[in-house]
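The domain 'AB hydrolase-1' feature in TrEMBL is assigned to A:55-364. Annotation comment: TrEMBL describes A:160 as active site, nucleophile. Summarising the annotation, TrEMBL assigns substrate binding site to A:230, A:360. Per TrEMBL, active site is recorded for A:326, A:359.
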């Protein structure tokens, strides 16, 4: 049986990053019960690993993010999604730390996911890809770090679904995580968030070009469905105040309403743009799988329903961050994490940042977040003995 | 040219209600500049009009509501959408008042809208129906009341888009409105709400069965797109707290997650049901037109951008109601109405009702709302001289 090349050509998703094949001898045992192997993980690194490999920071990306956190995106040509946070002298200082960011399992930027070729069939996995969980993603990252020879992470950090991975890291590998920073996250996905994800998935299922998940073999992509999913989700990433401030009821390149269904309002034009650009860089089946992984996330359920038990005995230093206008992962859900950590006698600080930018604030220029995280990371680095030039060897 | 019957047969939308043809001699002049006429308005009435025609209450329905406010719905067989409010001895007392509820212009339950036959072509209007506004809907209702011989309304009341119509009535016909009750409403549609509407419209446009609006002639309906639109909108009608209370992360008829894309969670099953039942009773093009009318609503813009000017000199008694957990038409937007009414020296009371039920609270069993509105309506009736049996003649 010869492997048919995917009919949709996409730019190289790896760019200046790397890709490694893992699980060849020992497969990844997934939560669903299946074994996955071999599989691939695509990742980027920034900065240099020091001699004793103690300065590594794992950055975990959100639902539609990827490994290109601080370098130009090879598909869109845009700057990395966390370029504000990662760089020389920045909060996540590439002069001092070695940063690893990996495309999640199930993703579409080079890590094994529904878009990639199933070695067993020579065809894209499509819906034959197993349903994965946040813990599966984290276990795959752990195998990547094993491959890189990094036993302990100085810090694991991420926002939204990235924060879920941070919590799972601290729960699954407490001895490997010195500091953990879950931002705008939750220990379990709420009913409302599952509902929004289900709407997005239904939009994809409804697109005839989805072809029951087999679109790649048919040379089509369900771009309309994926765009609708993105538009619905995008509203939840912002706040009403931010939408009002940015767009209000301003009209798009016209002086009056047209009494029609064109994008009279700027906010409509903005949303349409969000939808149409998203489909250029993201795979619809990946969207299904990753939203499902988030829906399934319920950390307490891994420990008999008691979240504090998950963190019992943890020596990890936590900094939990939330945003006042985030209604997707609102402050009360972040406080639940803090309460559980306190109940587990863990070392935890918590900061709620005042902003009107909504959930996406973690991706934006948010000075109070920068100063909060700089203080926490620098403090942890001092305790970890990472502040001297001699110990990190990363200065050029 | 012979009129092709619509290929989709639908149950009689009129039921025990009425339908009248209006605008035959004098057409309805629409905001878009076109004249509409003749056109039809389908409506229901409850209670009896008194001798001096002073006891009429106009109930205005919301986006997906209709005229069957207090009687069995002829398509779904379900009770009227405001049966909790309207009836003998209820807040809107059918023993004392004569209640009129009309399907809005652009609707799909018998009033002229995109589903109805365009007399000029013998075909369903589809996208040839003119884009209408909340003011157009209200002007059509005013013509219905002229037809019924009712000059002054004792009260105009409605929630959500119904509240927009209430405000427009008070603005356009102040001398015809003795009391006005806009519930969970706004004087203009917010950027976030326009955004959610645009997502719903895009879901409909994306459905190949929409056929550029011409689906009726093709014997199909864009049920997938309309269902996705409904699901996205439905989330906004509830609150996170209500979703958490009703569903949480409860599983649907199973003991554990299935690692698949079936509706594992009750909230998913509930949403899918909301989508699939909605398409049985609602027309996709009507959904486009009515959401557009709401987007276009900006009452202050009708009076130079100053909302207070709209109500200058008004003698109408207002009662503005909002709900604490309503994030679609949150309290601050209702307070904007109150502030403008105060600035216009109008007679206004305002009540924010504590509830976790979200925007849809106005449709639900909400005792504090009932007692608030009963007090307001009874008080107004006393001032209007409607409390004696002799004056209303509606007792049987």
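A Cβ is built for glycine as well, from the same backbone N, Cα and C atoms used for every other residue.
With all protein chains in the displayed structure included, the most crowded Cβ environment within 10 Å among the recorded positions A:326, A:360 is that of A:326. Residue A:160 (active site, nucleophile) carries neither a helix nor a strand DSSP state and counts as coil. Taking only the Cα positions, the spacing between residue A:160 (active site, nucleophile) and residue A:359 (active site) is 8 angstrom. On the 0 to 100 pLDDT scale, the model's mean across the domain 'AB hydrolase-1' (A:55-364) is 97. Neighbour list (residue A:230 (substrate binding site), Cβ cut-off 8 Å, at least 6 residues apart, same chain): A:64, A:200, A:274, A:275, A:278, A:279, A:282.
If you take the C-beta of residue A:359 (active site) and look for same-chain residues 6 or more apart in sequence within under 8 angstroms, you find A:160, A:184, A:236, A:237, A:238, A:239, A:323, A:326, A:327, A:328, A:329.
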